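This report refers to the structure that appears directly beneath it.
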Amino acid sequence: MEKAPSYTSAADFVALFESLPGLYLLLSPDLRIQAATKSYLRAINADEHEIIGKYFMDAFSSTSFPANSSALGEIEIALVKSVTEKDTTTLEQLRLDVLAGQEAYWEATNTPMFDAEGKLTYILQEVRDITKKVFAEREFASTQDNLLIMSKVAGVVVWECDVPANKLVWSDSYKEIFGYTDSDLITTLDVWDEQVHPDDFPQLRNSLNNALLNGQKSWTGEYRYRRADGTYADVFDHGYIFYDPQQKPLRMLGSIVDITNQKKHAHEVKESNERFERVAMATNDVIWDWDLVNQTVWWNEGFKTLFGYDDAVLLQEPGPESWTNRIHPDDIGTVSDTIHHTIDHGSVWQAEYRFRCQNGAYKLVLDKGYVIRNEKGESVRMVGAMVDITEQRETALKLQASMARTQDVLESLPLMTWTATPEGNVDYYSSRWYDYTAASFDELKNWGWEHFIHPDDWEITKKVWLKSLKEASPFHLENRWLSKSGEYRWFLARALPIYDSAGNITMWVGSHTDIEEQKQMMLKLEDSNSKFMMLAESIPHIVWSGNPDGHVDYFNQQWYDYTKMTQEETLGFGWGPSLHPDDQQPTVNDWLHSMRTGEKYERELRLRDINTEDYRWFLARALPHRNAEGEIVKWFGTATYIHEQKLLREKVEESEKQFRFLAESIPQLVWTTRPDGYTDYFNKRWYEYTGMKLENSLGDAWNTVLHPDDQKRAIERFQYSLRTGEYYEIEYRIKNGYNDTYRWFLGQGMPMRDEQGNIIKWFGTCTDIEDHKRAEEELVEKNIELERINQDLDSFVYTASHDLKLPIINMSGIFDELMNDATFNDPDAPKLIEMFNKSLKQLHNTIYDLSEVVRIQRTKDHKLDDIDLNETIKDVLTSVQDQIDSMGAKVSVDFSAVDKVPFTRSSLKSILYNLVSNALKYRSPDRMPEISVTSALKADYIELKVQDNGLGIDMNKHESKLFQMFKRFHSHVKGSGLGLYIVNRLLSNHGGYINIESSVNEGTTFYLYFKLKK
């Protein structure tokens, strides 16, 4: 071993130490940092002044992240152990993050250093950054599990066979694809032999045996494999064979793909699931110091531990030959040129090359050195360190090979496969994608696939894909994809996340399986079944289907709801007992006849509810369904509930008999017509009167026996009723066929309707009204004469009242003048004068009332206006206000419901004045008068109610005389007896009317009804 070189000063040592390319830290026995290499400072992202002179834990407290506390504690414990036990301590893998958000791993060795007396002087801490190595190992380890997951994504069954132990293990997909249970996942090779189809087994066994005899590493086979239900699946089997050192088969690993549905387009499936070896544990760096002046080289212990050399080698080769003699011949030229160029012109040198170990093997090393120059700038020393990167390089190569094999697996599958980033961006498509879509990777990458999916499937696919990304759950969906021919085909899309050893998703692996043919068949079948089931279960009839041999294989729910029978009781010919005993044999005979002949089946029959034994009538119908060759493949039938119709038909038949009897018994002419107006029946009275025969009367021939002046009017009126369904009524003259005379008849017709309101028949009569017509004409003549008399009476009253007015006025004037100028000595004169004056006023009032009656008669045709009730009652109350005040009467008014009535202003005022003044006039002496006037809306009328608490009217005595002229019911006050007559005439002249409720000594209520405007 070369003696450690000496340094001229402490400063030279520190400078040299700081220039070392490795990550080194020099600590005092009390764990204070004395020096650190520049590489160390860069690695921990710190400056020299931040840590030099500080206690180790204090120096790192400001740069620590939450994840570092545990690692720093382990380092402190190891340092203390090296100080106390004066021995080297090693920490193989520590997580120590030096930058936020960046995961980093380190390997640390603490070596105690002693002076000549054996006293501990320093602790040398050597640190190696192994982050890349950890990540590579993690990725490599997860690759093995991921291959199994990817095989699951692709829908294959993975198997592993321990040959010496005769043990065969299946993956979980074995249950899903072949229908077996958990107990079948671990079995023996003998069971596998039994499941292979007997016709395929000999050739398959020979193929496998030849592969084993020839030492082949892989084997493939295509054969039929039995499912749990006894059926066979076409499979493609691909296995890898592993041998022991004696080339005896030790283990087999493979996968089976179910190619039953894809066999026409199947390609050889390759499945690679080889096991990779783990990277060996890393060793310490090899530090070297090359004296360029004396041409000697000093190596640390790493030279021996890493490469396996002993001290004797270094004693024999103290110079650079100890280094150059062990560089691979193919690398020595490049290494020598680059390092001498750095010595002459640079300061930092780095190279990768192969270095031979004691056993003759080569390690790939990363060598890095720094040139130290004197004050003249001459190169005097070079310090460096070797790092064994053999394992890292091999791991990287294995990872690349694994990824390549993964893509080979995906390419070999008879599916369209793909991979995506953890964020869902697709970064790889198998060649089958390009063959199918004719698109490039640039068009498909990331989310470019959205342009090739069916527009109707885009939203749901996006939603389910994003949900899977968010929840890290398997993706499974059927959707349509555009082919290069411009057509869309159905695919089953599946994807699973791939995890690393830390549980993080590293990628997604997916596949698309073409299911177009299966989908179309399924859609057609589902559509057909759905339509039939929807129709069968939705219509209000019993629906059934049967086989060509007559066995019924389906009844809809209506059957079970009605019969209360079960499916087991019903199917086949089990429906027979549900028939009425009288219908059973005829029904079966007709059904067997239809099956033999293929003729339509139709029959009315009775079915029972087995719980209630209640039979109901049904109309059963069935038709055969034939294939392309005309053979009957199915019968479809219905049973329609017709119980009410059946009973109704019987009732109609009975009713028809009764109608015929009635029609032939009554004296009227009776007829019936169809809904279109075609007359299909006359009773015998028609033929007896008209003399027409049956065949000459049907249809519209009846119109020919009507009077010529009535024919057009009669047919038009009848056509109107046929169109509208309105009651038919008309008077016309019908000719007697025996004496050619015409008599008046009243024609009447009424439509008969079904439950839906449709007219199904017209029934009518013609009633002889000749005598009634004669009497009616006489009545019309009498009414005309009476109207003329009334007009004469009105004229007389008008003339009398008009002619008497002026003499009465003159008499009143003369009497007043006489009273002013004349002197009467007769003691009875005042009494006589008073009597004369009273008679004169009474005569004047009578003439005024007669004039009012005439005026009312002449207001009948006056135009009606909307008269304000509030204004009118206000005028009326003003005119009687003195009476109200003197009597202490209380009057309440409420027109909130209706505040206007269609009438004439003067007439309305006259009505209200009459009723209010009568209420005051005929008040009760026992109580203060109370009058209420309110309005309300009653159908087509406005109701005005005037109520008082006066004397009342004896209705039993006076009800029939209430509205007679000059009729009075109380004699203690003066009156003309025309008030109620005038009120009644005013209302009736304009379509209104009046009702009265009254009780003696309680009061009277008048209900006035004003007809609304149309």
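Residue 1 is the first one shown; counting continues down the chain.
Positions of Cβ are set from backbone N, Cα and C atoms, glycine also.
What TrEMBL lists as domain 'PAC' is 90-142 (among others).
Per DSSP, the domain 'PAS' (170-215) is made up of 29 helix, 4 strand, 13 coil. If you look up TrEMBL, you'll see 170-215 (among others) marked as domain 'PAS'.
Summarising the annotation, TrEMBL assigns domain 'PAC' to 219-271 (among others).
Sorting each residue of the domain 'PAS' (272-346) by its DSSP state yields 33 helix, 11 strand, 31 coil. Feature annotation from TrEMBL assigns domain 'PAS' to 272-346 (among others).
Per TrEMBL, the feature domain 'PAC' maps to 349-401 (among others).
In the domain 'PAC' (475-527), the DSSP tally of helix, strand and coil residues is 12 helix, 30 strand, 11 coil. Under the heading domain 'PAC', TrEMBL lists 475-527 (among others).
TrEMBL lists 528-599 (among others) with the feature domain 'PAS'.
On the 0 to 100 pLDDT scale, the domain 'PAC' (601-654) averages 86 in the predicted structure. Annotation comment: TrEMBL describes 601-654 (among others) as domain 'PAC'.
Annotation comment: TrEMBL describes 655-725 (among others) as domain 'PAS'.
What TrEMBL lists as domain 'PAC' is 728-781 (among others).
Per TrEMBL, domain 'Histidine kinase' is recorded for 799-1014.
When each of the listed stretches 90-142, 170-215, 475-527, 655-725 is scored by C-beta pairs under 8 angstroms to the domain 'PAC' (349-401), 90-142 comes out highest.
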